[in-house]
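Listed in Swiss-Prot:
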- Ser781: active site (ACT_SITE)
- Lys824: active site (ACT_SITE)
- Gly409, Pro410, Pro411, Gly412, Val413, Gly414, Lys415, Thr416: ATP binding site (BINDING)
- 77-86: compositional bias 'Gly residues' (COMPBIAS)
- 94-104: compositional bias 'Basic and acidic residues' (COMPBIAS)
- 12-256: domain 'Lon N-terminal' (DOMAIN)
- 690-875: domain 'Lon proteolytic' (DOMAIN)
- 70-104: region 'Disordered' (REGION)
Amino acid sequence: MSDSPVELPSRLAVLPFRNKVLLPGAIVRIRCTNPSSVKLVEQELWQKEEKGLIGVLPVRDSEATAVGSLLSPGVGSDSGEGGSKVGGSAVESSKQDTKNGKEPIHWHSKGVAARALHLSRGVEKPSGRVTYIVVLEGLCRFSVQELSARGPYHVARVSRLDMTKTELEQAEQDPDLIALSRQFKATAMELISVLEQKQKTVGRTKVLLDTVPVYRLADIFVASFEISFEEQLSMLDSVHLKVRLSKATELVDRHLQSILVAEKITQKVEGQLSKSQKEFLLRQQMRAIKEELGDNDDDEDDVAALERKMQNAGMPANIWKHAQREMRRLRKMQPQQPGYSSSRAYLELLADLPWQKVSEERELDLRVAKESLDQDHYGLTKVKQRIIEYLAVRKLKPDARGPVLCFVGPPGVGKTSLASSIAKALNRKFIRISLGGVKDEADIRGHRRTYIGSMPGRLIDGLKRVSVSNPVMLLDEIDKTGSDVRGDPASALLEVLDPEQNKAFNDHYLNVPFDLSKVIFVATANRMQPIPPPLLDRMEIIELPGYTPEEKLKIAMKHLIPRVLEQHGLSTTNLQIPEAMVKLVIERYTREAGVRNLERNLAALARAAAVKVAEQVKTLRLGKEIQPITTTLLDSRLADGGEVEMEVIPMEHDISNTYENPSPMIVDEAMLEKVLGPPRFDDREAADRVASPGVSVGLVWTSVGGEVQFVEATAMVGKGDLHLTGQLGDVIKESAQLALTWVRARAADLNLSPTSDINLLESRDIHIHFPAGAVPKDGPSAGVTLVTALVSLFSNRKVRADTAMTGEMTLRGLVLPVGGVKDKVLAAHRYGIKRVILPERNLKDLSEVPLPILSDMEILLVKRIEEVLDHAFEGRCPLRSRSKL
């Protein structure tokens, strides 16, 4: 800042300061956005650069301006030269304001000349409005003699109020002024000594007392702290130096006394603070000390932020008490200590868990939910009906503890997507917990914090990720859990799925109870057998059977093909798969209960089409780019006046139209064999494999749905032993022994030996084999199939190739019911088998089989083994005696 008096022109452009005062020597930064202010800055400061000088006048306004701006939204009239004379302590704006309907502006009669220390110009987007950021320094006081409008801003005729250089030199020798100066400096120094421990900028203010001339000192010092607008105006009006120093001393002393009184009150209140409040204040002071030392400031800020986050987490009172104890322990530790990171991670988990946060459920519309289920899942009528019933109960009683639904069925039938549909209908977040291969109880309950690398269980971690306490949680592949020395995860799930216990689920890592009662649990499994009975008892089993070929066809046309095309960047304009070709893919290339293999085959067709489409797209892009590039080169060179050393020859046809609309690729049988290879399955498989005696066709149920199981029997020279192969379980081995015993006992009745005294196994062994030896097999439903194979072997008669069977047998020849009837019938239909022998007591299960399948097959119901044999052989099985044991 310059200490020499400023040469003040007779007229100054005036910038209004609403409810603010700029004092000589003070520096202020403002942002000009109003058109009139922008015009003033541009003409008086930006264009004149260092020579620019403006006047700053305080403006009285009934409404204070916003913190971010010191400018008036409008100053004066845009036309005319109407002037205003000085009247009292303020100058009123010209009468044009009243005529234009604007509220009169009350200008102060005294102002300060100012110069720009820094100017920056900007343009707001997208409006394009020009703005200026100006740093102004106050120079000297002036009084307004006349105020007139010049275009958008005002110009004032001014007269200087500050002393000349000669007057200043004489005033500095005045004893009264010297005494006032000393008194002011003493009061200011006392204020600085009080503030120097609280404000870092006090040191710079202290230097001003020794370096700034006395006639500037009062203005600069008073401008450095907050005072009211009226007090600022009184300082501006204090033209005489003695009056100014007296006024400044009074303001500084008043500010000092207010600080001392506030400190006294603070000290008095601190004596009455509680222990926790004192601890908080001490920690604040400790943080300030560490900031000065540059030690652990970031860590301390992080810990404070973590504590605030914990306070906002909504923990129950007992858990909050536990968290506070952990927080106190963390504060006593240094970040370098071994347990610091684990303690910090634990507290972050407590802060992140959704103790009270829930996702709001919208009003359930069962019609919309049903339409959504029908749109996302084809078929599965009974399953979708059960889900609608579940949602109806939730609608009538939202806080009801519904059952834990467990969808059991082969892969690819939509178990996971059904759980997602429930979450969608309830407007809840969805989280999937995969339990396949989990053998450690700690995966469910978490590891204790004493272990290195410990972490919470999958349930708590999932809740942390979704950040709500009431999601729909899918326990996927719940039948794939195992057990070892580390515990049994299925046992840990007992507490999770029990509504009486999961209100206070105790994760080992969390070590405090967490309420899981708001979570809607849904489980999926391929088989029920591996699930422990206590866990199975806590769930409602909903079986999802495999799809029929007709259902697969509908699913492929409605869901799979659009999804596959989208995943490969194709559309129906690139690739079309007719319905007949999809049917061939189902019949010849897939034999599964679900549709995953079908989707893989469709994806293979899409990839083959994508290769050709990509080649066409490459050619198309080159054709489109030739013309624009050529034109641009010509235009640019001609514009520069240069000569073009090339000749443009018109093309006979437009390259861009050559591949504009390529014809779609339509899948046919030739493409199927080229892409997918020769057919993997055909209807002749059963006939080819049952072409010799000793082979029968059975039906079994596996984790992937129903399957056709061939049984082969042969005899050889031996000692009457029975050999079984095919990776068989104990139950199926017993069924084979039972079947052989029954056949030997009924050998004479079945015309397998002349009399009942002859031993069928004399001097020969029997070997029974179940093909697909790598697949484990067990269960009692192969009993009737084993008997049929043995009778075929001993009688040297072939079993009908179009007949398959299933059923458990007893030693007395009764046929008992079995499970999985629908899946077994569907498997037979997939293989092209038209006749199925079932136990009579399984008649009720046929209602689940789709009518188109039943109408295409012959279902034979039997009570005894003899009936099975009658249906299994051409012309019935000749029995010597029809008596039943």
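Cβ coordinates are placed from backbone N, Cα and C, and glycine is handled just like the others.
Known features from Swiss-Prot, placed on the structure.
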| residue | record | contacts (Cβ under 8 Å, 6+ apart) |
| --- | --- | --- |
| Gly409 | ATP binding site | Lys415, Asn526, Glu543, Leu544, Pro545, Gly546, Ala593, Gly705 |
| Pro410 | ATP binding site | Asn526, Leu544, Gly546, Glu592, Ala593, Gly594, Thr702, Ser703, Val704, Gly705, Asp823 |
| Pro411 | ATP binding site | Asn526, Glu592, Ala593, Gly594, Arg596, Ser703, Val704 |
| Gly412 | ATP binding site | Glu592, Ala593, Gly594, Val595, Arg596, Asn597 |
| Val413 | ATP binding site | Leu380, Leu544, Pro545, Gly546, Tyr547, Ala593, Gly594, Val595 |
| Gly414 | ATP binding site | His377, Leu380, Leu544, Gly594 |
| Thr416 | ATP binding site | Arg432, Leu474, Asp476, Thr524 |
| Ser781 | active site | Gly698, Leu699, Val700, Trp701, Thr806, Gly807, Glu808, Val818, Gly819 |
| Lys824 | active site | Leu699, Val700, Trp701, Gly706, Thr806, Val836 |
Cβ neighbours of Lys415 (ATP binding site) where a neighbour is any other Cβ within 10 Å: 25
Gly409, Pro410, Pro411, Gly412, Val413, Gly414, Lys415, Thr416 excluded, remaining Cβ within 8 Å of their centroid (ATP): Phe407, Thr524, Leu544, Ala593, Gly594
Three-class DSSP secondary structure - Gly412 (ATP binding site): coil
